[in-house]
Every structure is written in structure tokens, then in C-alpha cells.
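A short write-up of the structure that comes next.
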Amino acid sequence: MSQPARRDVLKSLALGGGLTLIVGPVAHALAPRPPGQPADPATRWALLVDTRACKVDCAACVDACNREMGLKQPTDPDFDPAHDAQYIRKVTLRDPDTGHTTAPPVMCQHCAKPPCVDVCPTGASMQRADHIVQVDKHLCIGCRYCMMACPYKARSFVHQDLTDQKPHNPRGKGCVESCNLCVHRIDRGEPPACVAACQRDGGGAMVFGDLADPNSDLNRRLAEAGGHRIRADLGLDTGVYYQGL
Amino acid sequence: MPHAVPYRPLNGHARGFWLVLGLLGLAIAGGLGAAHLMHHEGHIITGMTNQVVWGLPHVFAVFLIVAASGALNVASIGAVFERPLYKPLARLSALLAMALLIGGLSVLVLDLGRPDRLTVAMTHYNFKSIFAWNIFLYTGFLVLVGAYLWAMIDRAGARVYKPAAYGAFVWRLVLTTGTGAIFGFLVARQAYDAAILAPLFIAMSLVYGKAIFVLFLMAVCRASGRPLGGVVLRRLQRLMGIVLGAMLYFVAVHHLTNLYASEHHGIEAFLLRDGGPLTTLFWGGHVLLGGLVPLYLLLAPRLGGNRRALSAAAVLLILGGLTQVYGLIIGGQSAPLVLFPGFEVSSAFADGVVASYVPSPWEVLLGLAGVAIGLVVAVVGCAALPILPADLSDAAIDPDHVADTLDEQDGALAGTT
């Protein structure tokens, strides 16, 4: 394949710059949300995980999530895998035919049509205008029907009293909780803790962005290489895409 | 119009009455203590985990709620299907239906993570949730059956007798459909996600409800020295046998249709072959002791009218019913959820492994308290209201004593229910 001529490259850059000027600044780029301003319904926050860049033994995203949200680390001596909350986990997948192994992170998939929201009797399980799915801890009665309904095992139940909670993630015994995409960070204009950690300490496998923004890096990558969604057959229109599965 | 039969309440001054209430009170106190402890310490003291989120309390609650709608069936046969033989039993049928529902709902509420937020559940509704719909279905059932009971007891209520009877009959079908839909709507769980769960739950309700009704009737008649003739028992025996056959049919269809589809082979292999104690409970508890044995006891011609066979069948059906609901609720959660079909999976959150569950004593106490609450409502109701006929002997409830003719009608009668 021949190298592109310098003139062609310059032409492309000029065209790209011109298009950017025409479109204007990225409509829903990550920026702080001023207090009192409601979440933007035109935004669809989403994640992309490139499993080819996600090392099987790397848990940077899990560690960062646990630190950010005030959860116990699996390495803690008093960690109880049956009862302690896990908002994000690495799931090791092995193809029995080929032996190929990957370990993508799995968390709340922030469905556009979330079953947890459908089944919740009180409306505690709710979807923010920008499609982030979370639990209103004031309305949760602890019936756990959302946990039964979630196809991704993304939810945890608080089984006992907790101490040392993070102010941005108040947790209550008897309530259900899950990944909320670090909504407090997003509102500050920062990416979720798992994504930041993956970019900083991991393989750079996780990308966060606005699915509704055609110019987002996330959309560009999806347009180039496509993406797979877990249990897409359920038609839940999840907001977490995977590449390389 | 209500059937003209003399009614005699239970003797509220009898020592046995207070002994029974005392024992039931102890069971309720034990359950309330367990619920208080669960609320104080959290669900960490139960056998429930993040994998098995509904445990033994849900088994008791679902069993009692399903049985409640079935217990009403005797009244419905009398009023809706115009079978006069059952009309003297209609009041007890309605009372038991309300009592069992109250018992089941009590367990459900006390097992919430935040039972103190019951007011939230009553003031915030998500109308897309079948759970929220069930709150209306349960309260509506209590109101309708209460009106039906009042219309049977008080002449002033005679005008609403038919509408309440028909309304309660339709409502109970919808209610049990709603309870089945709680599981049927769980599209992601391989053990559920089936429309057949709705009719299966209706068949289950007929079996459990009738079993409890027959046992309660026999026990209360014996304890209060009330004659109980063989005609009505014989009829109930055959009816129970037929609805049990219908329920086993739905169970078979549920599993056989799953076995037809490759995607469900995993869950069926787990439930029917590889599930260890759950598989043993299915074949030994639900199918054999809770299904085939009572089917024989109820339908074998030489056991027709045999009271021991009837009461033994009723006990087996109650235990088999609890086993069935246990297998449905615990088995459905223990089986690994399939997120990545075709892959071998593992994680720190129990992906790809069978979740274990051992009920704690607190859960047992809470579940039994639900049964006790239902029985207290039923026993006190029988003492405070004219619920129980004074005489249920064949001559009293079947003046023409045409037992043979009635027996011939059994098939047609059961077919209509």
C-alpha cells in the first residue's frame, strides 16, 4: 500500500477541521454539570470495553471502583464474597473449543429498557434522564425483586451495618445497590473511576462517552470495529459494549 | 342466596381453644423475634446471599398466598357453579382464604430489607411492576372476599352476595396469575421466563388451598365435636385428586417444553439430574411424596371415602407444595445465570457456579409464624363469627342423601373447576 501524499493528508485535516467548525463543539462532551441543572435527556452515557486490551489478571477497574464507592476489596481479610457488595467484577471466559480466554469487567449494563426499573414496586430503581440506572436509597424497601430481574447479576444487597461510607455513595442496610457509573464524578465532569483507573493503571481497555454523540471517541471506535452487548437477545438496549468477545 | 344451615361458632371459653391460641401465639412471637433480629442485624444472619436473594421466608409467603386463592375454591364451587352441597362450607372457605393471605403477606413484609418503609410501598407505585399490581390484587382480594363473607353471614348483605361471589372468583384467578407472573416475567432467569407459570400457579393454588381446607375442616370438626359426614369429604377427595392431576400435568409440560429447546437443557439438567439436594427434593418430595402418592390416596377407588387416606394426602400435599415452591424459588436462583452462552465462566461473584443456600433458624421461625398468623385469624374467626355449620353430617347437608347421584356428577363438576 502506498503512503498517502502529504497534500492528501493536509486536505483531510482541513476537511476535518472545517467539519468540526460546522458541527461546533462536541454537544455532550464530559463537562461539569452546574448545580440545579437537570441531567440532559439527549445524553446516553455508555461504556466500551475492548477485551483484547483487558488483561486477564488485571483488576485495576475493580480496585478503583471499590475504593471510590467505599466497598471492601476482595483482598481484604474480612471480605465475604457471598454478602459483600461488588459493583464491578472481572468474569473469566474460556471458550471450551479453542481455549481462548478473556476476562472482561461486568457491571450494571445501564439498559435503556432496564428490567430492574420495570419490576421495582416503588420506583426506587430508576433511570436518570441521561440513562444512568441507579437506586433511590430513600425509596428502596429491600424487596430484592430487581436482583431477581437483573440478567447481569449487577446488584448487591446490603446485608449488615456499614461504617466508613463515602459521602457521595450513601449506603443503607436492607437496601439494594449497584454501579451508577460514578454519577457523582460524571456530574463533576470526570469519567467513572473504573475507566480512569483502566486508562491510568490498566490496559486502556475501557472507554467512556456519550453514545448519543456521533463525534464521541466511543462512537468512533464502535463505528470502526463494532461492538457486542451481553445478552443482546433480551432486547434491553444496554449501554455497555464489548469488543473482542 | 346463602344456604340455610344453622351455624355454631367455636366455643371461645374452651380450654383447648386457648391452648391452640397459646401455641400459635408462641409461634408468632418466635417469628416476630426472628424478624426483629433480622431487621436489627441485617440479612447477614439468614442463609440468603447476593446469589440467593429470596430464601425460605419467600417459600412460605408464596405458598400461603397461592394457597389462599385456592382455599376460596370451595366457596366458588358453591356460589359460582351452583353446587349446593358446598354452600355450607363457603364461609369457612372465604375465611381461610383471607387468613392464609394475611399470613403470607405478613411473612413477605417482615422479610423486606426495610420493613419499616412499608408506608413507602403503599404511597409510591410503579405501575409497570407486577409487584405493585400485586399489592392491589392482594388488598382487593381481602376487600372482595370480606364483602362476600359479610354477604353470606348478614342478611343485609344478601344483595351483594352474587356480585361478590363472582367478583372474588374472577379476582382469585387474576391474583394467582399475578403471583405466577412475578416469576414468569423474570425473562433473564432460565428457570422462570415462562407463561405456563401462570396456569401452573392456579393449579398449585387449587391443590394447596384444598389440602389446607380439608385438614382444617377435619381438625376443627373433630376438636369441636361437630359431625362431619362422608359425602362432602368424598367429593372433596376426588376433586383434590383431579386438581392434583392437573397440576402435575402443568409441571410435566413446563419441564418437557424446556427439554425441547437446547438453550434450556442446562437448567433442566440442573433441576432434574445434577442439582443434588434440589433434584432429590424435586423427585422425592415434589413428584413422589407430594404428587404420585397423594394422587393414589385420592383417586384409588378402594380408598374413596377413607378419611385417613384423605388426611394423609392433604398433609403430603402441603409438604409437597412447600417442596415444590422451595424448588422453584431456591432452585431457580441456585442455577448459574447464563450471561455468556457457550463459554466456561468464573468470577469472584459466583459466576458459573451453583449457589448454595442453607436456611437459618430465623427464616424457619419467620415462615412458621406466617402459618401461625393465618391459623390464628382462622381460629378466632371461627369463634367470633358464624362460620362453621353446627352439623355437617350427610343427612344435615344433603337432606335427600343422594350420595350415589352426587358421585356421578363429580367428573362434570371437577371439569368446570
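Positions of Cβ are set from backbone N, Cα and C atoms, glycine also.
In TrEMBL, annotation is done automatically, which means it is predicted and not curated.
These features come from TrEMBL:
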{"type": "TRANSMEM", "residues": "B:16-38", "note": "transmembrane segment"}
{"type": "TRANSMEM", "residues": "B:58-80", "note": "transmembrane segment"}
{"type": "TRANSMEM", "residues": "B:92-110", "note": "transmembrane segment"}
{"type": "TRANSMEM", "residues": "B:130-153", "note": "transmembrane segment"}
{"type": "TRANSMEM", "residues": "B:165-188", "note": "transmembrane segment"}
{"type": "TRANSMEM", "residues": "B:194-218", "note": "transmembrane segment"}
{"type": "TRANSMEM", "residues": "B:239-261", "note": "transmembrane segment"}
{"type": "TRANSMEM", "residues": "B:281-299", "note": "transmembrane segment"}
{"type": "TRANSMEM", "residues": "B:311-331", "note": "transmembrane segment"}
{"type": "TRANSMEM", "residues": "B:364-388", "note": "transmembrane segment"}
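Of the candidate ranges B:58-80, B:165-188, B:281-299, B:311-331, B:58-80 has the most C-beta pairs within less than 8 angstroms of the transmembrane segment (B:194-218). Most Cβ pairs under 8 A with the transmembrane segment (B:58-80) among the ranges B:130-153, B:165-188, B:281-299 are made by B:165-188. Stretch with the most C-beta contacts under 8 angstroms to the transmembrane segment (B:364-388), considering only B:16-38, B:130-153, B:165-188, B:311-331: B:16-38.
Scored by C-beta pairs under 8 angstroms, the transmembrane segment (B:281-299) has its highest count with B:311-331, from the stretches B:16-38, B:92-110, B:165-188, B:311-331. Relative to the transmembrane segment (B:92-110), the listed stretch B:130-153 leads the set B:130-153, B:165-188, B:311-331 in CB pairs under 8 A. Sequence-distant contacts of the transmembrane segment (B:311-331), counting only residues of its own chain at least 6 positions beyond either end whose CB sits under 8 Å from a CB of the stretch, comprise 52, 54-56, 58-60, 62-63, 66-67, 183, 191, 204, 207-208, 210-212, 214-215, 218, 237, 240, 244, 251, 270-271, 275, 278, 281-282, 285-286, 289-291, 293-294, 297-298, 357.
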